[in-house]
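Per TrEMBL, transmembrane segment is recorded for 364-385, 394-410, 416-437, 458-479, 491-514, 534-558, 593-608, 613-631, 651-672.
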Amino acid sequence: MTKFKYNRLLIVCIIIGLIAAIGVNIQRNSVEKANMTVDLAIDYEDMVKLAQLEGIPVEEVLSQAKQAGISSLAVYETTFEKLNKNGKAMAIAGSSVLENYYSGTLSDPAWRTLVQQGTIKADEVYVVGHDKQTYTEVKEDLFRRLGKERVNVLDLGNQEILAVKANYTELLKMNLGMPTDEMKAVNDAGFYVLARPSNYKNVTDDDINAVFDRLKDFKISEIVFSGSETLGGLHNTERTIELMKERDITLGMIEHVTQLQFYPQDGLYDIARGLDYKVARLYTIPKDEQPKLKMDVAVERWANTDEERNIRIDLMHIYEKPEGDMSLLATNMKYISDTKAKLESKGFIIGPASHFEPFFGNTILQVIMLLGICSACVLYISLVYPSLSNKKQYILLAICFVITAVPVLIGKGSTIRIMAALAAANVFPAIGMISQLDVIRRNRLIGKLKFGPLLLKAVKAIVCASVVSMMGAMFLSGILSDVEFFLEMSIFRGIKLTFVLPIILVAIAFMQRFDIFGDNLLTPPAFKEQAKRILNMTVSVKALVGFLIAMIVAVIFIGRSGHTDGVPVPGIELKIRAFLEQAFYARPRSKEIFIGHPAFIIMIMAWYRKWPAAIFFILSIVATIGQGSMVETFAHMRTPVFMSLMRGFDGALWGAVIGCVVMGALYLWQYIASSTDRSKSLNE
């Protein structure tokens, strides 16, 4: 029986690296705990709409929204669609003016004079103001967006109007600058303004200055840019950064609908970095999805979103249908107040969004962590190739360490850190599994172990394997810890690989230790020979069907990972997830609590009860899923490290409990079956 040695020096290096990783994770936890203020925001337009639907003054709706917990109102740039409705300014198609003139319905003599003079053109749009401030702002913005060549000032009797060379339909939708009347109404009602400006075509510093001049007299909580560009776009963000820093304004970054990184906006990352990461992540429940959600489900989503994804701006929308026998106003005020209460019960503070401090891991600690990860990789290699001498292991370690450490020391190590995190996510779960395979391999019993001692061995084994896997989690989290990963401006690459590679690594090590289909379980043939024998096996239709089912399960397993559109989640599982979210601080992952960890317990039973080696192998592979998933959880760096830690702990604990219950049920079934067989023998 081949002996596999665990190089003590490599283990010491791993422990040294682990100490550094734990230190960094403690720092990370402190940074995350300091970022606990959530801006509960809603569109100002939604408040106006709610007032109209209920037939009450806007001021009354705003007052109740303030009491319910809203801290900011989102104000967007005005458009002629809005202005035509509120009557403060109007855009009139030239063709409509001419139609009214020739039909005899144009009674205003000033307009008739302009038509008679040939001034009115069918393909132009005419802007009339009924509120001086609004008209002045619209006029200023039209000149900025369209230029003097396309905007002309006309006299309409004692009134000034604008003639605009533009498509009427498109002009109605055009952004026309931040409306000061709306921002004043928001501040007067006691709210902050969440400003939503857009960019200009061929934007200049003067355009950017004009936007901030509109904002200067108002209390702004955050700026969240509208459209596919930030103010300044790709090439002119310096002035935007300068003015935002000067006024101490937080940047809001809209989470992508896939919940991975952000809605693409040109210049977004440049501004975030220029502001030294004074940034808050924004989430909103899609307008087409919210009506499908019951209020309590939506409230729960806000709490989970803020906790798990570091969202600090909750941009809410109103419900347009009342719930139960409540009024529409009461429904929405309850929605807001319940959300506020839920967030406060989770330890959040309601107000202008907080942000992460610009935290970047200490370079020396990162290098020490690299030493630990490199040592783990070499240790795995030595556990697969036991003939590798200590000298060769140290040479390999030195080469790996130098290659990875030098780029980090010179400040060019971002890719190296991601690669190191990927290595930690795959190697440590594999080592955790292999270590327990080696333990039980050395403790093969002649007889079958009884239930009590077997239960203790199974629990001890899963604890030891999980501790090793969690070491990998600490390395992964520690090596990637910086504000860009917390905000998800940078992300861990290789999520799907971490679901597959640990299984492959464990399978290779398993075949080095056990003969899967032969007679000599503990003296397997060479890896190539065993692999060749497996490939040359005669396969029955039953086995082929089983393999096909396994492949389908594998596709689902991988397809369900990550954030890309993949295999949909069944309704029953969604209900189970909802239950787990209510029952636990952090919902354990299904593949851990229901699959991987129970399989680990049964794997130990399979060994000591001398089940067929093939079943033992399959259970080992399934158990690896749970160990790998524990580490992969930490790859979602936006999730607070403490929450990931609790998710892994609860998954291992309750997964082990489920496994022990299944083990007990199997023992009971075997006992009943054997008793029945004995009774039949006696009767015969």
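Cβ atoms are placed via backbone N, Cα and C, with glycine included.
As a quick check, the transmembrane segment (651-672) and the transmembrane segment (593-608) clear the bar of 3 or more Cβ pairs under 8 A, pairs 6 or more apart, so the two touch. The transmembrane segment (491-514) makes no contact with the transmembrane segment (394-410): fewer than 3 of their CB pairs lie within 8 A, with pairs spaced 6 or more apart in sequence. When each of 364-385, 416-437, 458-479, 593-608, 613-631 is scored by its Cβ pairs under 8 Å to the transmembrane segment (394-410), the top-ranked stretch turns out to be 364-385.
Away from its own ends, the transmembrane segment (593-608) comes close to residues 440, 444-445, 448-449, 454, 457-459, 461-462, 465, 580, 615-616, 619-620, 622-629, 650-652, 654-656, 658-660, 662-663, 666 of its chain (Cβ-Cβ under 8 Å, at least six residues beyond either end).
Same-chain neighbours of the transmembrane segment (416-437): 6, 366, 369-370, 373, 376-377, 379-380, 383, 404, 407-408, 461, 464-469, 471-473, 475-476, 479-480, 492-494, 497-498, 501-502, 505-506, 509-510, 513-514, 620, 623-624, 627-628, 630-632, 634-635, counting only residues six or more beyond its ends whose CB sits under 8 Å from a CB of the stretch. Sequence-distant contacts of the transmembrane segment (613-631) (same chain, at least 6 residues past either end, Cβ-Cβ under 8 Å): 424-426, 428-430, 432-433, 437, 465-466, 469-470, 472-473, 476, 498-499, 502-503, 506-507, 510, 514-517, 521, 557, 589, 591-592, 595-597, 599-600, 602-603, 606-607, 648, 651-652, 655.
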